[in-house]
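A.B. asks: Quick one: the structure is below, and I'll ask about it shortly.
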């Protein structure tokens, strides 16, 4: 059994947030608290150590008491850049990734992905959601083995940043969650208002 202590949680807060006007999404207020706080609170009982991947406002993020890791690639290169620095900093056997702007992320995310990982062997297991009879991949909600650093470095060296293409190079599986809203994220001011009103 994979224990929570053997999983490092990586909260991805390093994006450019163009659709939010370039505002740092992790620091946007959601019910009077920054989104990063919701991510920490929903993740902290599921994992051991926590890392925050951020590329600006480093001091503010560091104020939450967790190590902050910055992308090593320029120009906000996407979630794989965050995965890469997270894997390098990870001291446990597994890394669980989650974006900072999904304040309803499942409280059993780690447990369910870990159960599927043990059913493997798999390199990584990601979440999917069921909505209107369709299954939608949620690849940034992902549990991966910490030994994937070399694979990811080689992939990024080719100049590819597409998360689904890296997954195809690996032994992967998915876990389907019935509550699609659990993965709802905030990309625009309108989505923020809708999500706040739903709670």
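Start at 1 and count along the chain as shown; that gives each residue its number.
In case you wondered, yes, glycine gets a Cβ from its N, Cα and C as well.
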A.B. asks: In Swiss-Prot, 12, 13, 14, 25, 71, 101 are given as binding GTP, so which of 41, 45, 53 is in that site too?
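C.D. replies: My reading of Swiss-Prot gives 53 as the candidate in that site.
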A.B. asks: Using only the Cα atoms of 12, 13, 14, 25, 53, 71, 101, which the record gives as binding GTP, return the largest interatomic distance in Å, rounded to a whole number.
C.D. replies: 18
